[in-house]
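Undergrad: Here it is: the structure, laid out below.
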């Protein structure tokens, strides 16, 4: 007899599950445990997908921001967080210690986020098993592994993969606490909320959906007060621990995300393609999730649907009425676990062969976007699949190869970034890739002023007196963000432009995506 939702979400006990259990019971103990590990195939598939071509995409300026911070001493990182990027502080500190052990190659910079997405896939499968049954858990985890976002942001040295991981951990911890509301289980749930807050405060909007799950469970057994009391206590405890970050992050939000536009009604439909990094995949997963409402576990379907829709609607409204907008796809990746759990619940209602075909179709739908997010310049498309129209991706690696092939001892460097827009990271990206090329070139930046570390900020300043910053370099490599100006000297500040023009002449200019590389020789 099929189980209905008269109590908190629990694994399914239908006939197919019973037959599968009987077959599993006949296996040797080791294989039996492996066969019941619904989390393992999704985790391994996600890991393999994340490692595939992990070095291929060029680091983009957000990843370079990570790099410039994590190279600093711990005290310097903490000092910077008082002024900017406090919401990423936990991630920066983790990456600081990670790279001190394993180095800062592209693979090592991105491996933690690959592992985070793999862990999230495991949690999706485990949550799906509790909500809809073992088959649903396995299918949901595999759907998660196929989502292009999981690869794209699993291969980015930023915190978003960890946010997805903590959101999936929080969902699983909630299900366990609602099932058996002990102090320990609510404590673990509170810990997952604190972790989420210290990675991305906006993700805590999933609490609205979690509250609905607790309300449903309480409504079923209104004499059981441990669930609402435990949930409330966990949320209050998490807010108390996260309050310093909430206070600091609120003060810094105007500087950091003021560029995000206020959403319009059409964005409520368009945003899903960005959340999944694939419009086709978004449609397929959401359609599969809708099928879950045709099964007996309506409470689980309600929790999954709320976990997908409520945070998005809440952020849309908050962004319209508040002073700052948060409505950008990458701030909503944390709904992916709930979406994939729900999709697994829908696919599990279909016969096994049909579910396998549906999974294969989803995989085929994702293939074009899976390839696109592994393109060498894909990381600049930060709202993929939305077209990138306002700048060409900056290929720091190609620029570094030109310098490495033509370098002479004594050469210096200057970096043109729309005169003073240092956040493009040209002065970080090119030297980063130079260190991994055959000549291991290190160029002195003749235009550098105070470093970001000296300023307790993300970015450095430029030299206030370029004449005094210039030494006796016979040649200068001027690497600039290319906006189409034929005069490469127009990319630096006016004082630096005058200094370079006085002492050097442009001998040759190379062009790569988004950048010009000019060789300047002394007059």
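Any Cβ shown, glycine's included, is placed from N, Cα and C.
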Undergrad: Scan 331-350, 351-370 against TrEMBL and say which stretch is down as transmembrane segment.
TA: 331-350
Undergrad: Given the ranges 8-29, 74-95, which one is assigned the annotation transmembrane segment in TrEMBL?
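TA: Within the set 8-29, 74-95, TrEMBL attaches transmembrane segment to 74-95.
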Undergrad: Grab the pLDDT values for the domain 'Glycosyltransferase RgtA/B/C/D-like' (93-244) and give me their mean, rounded.
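TA: The answer is 96, the mean pLDDT of the model over that range.
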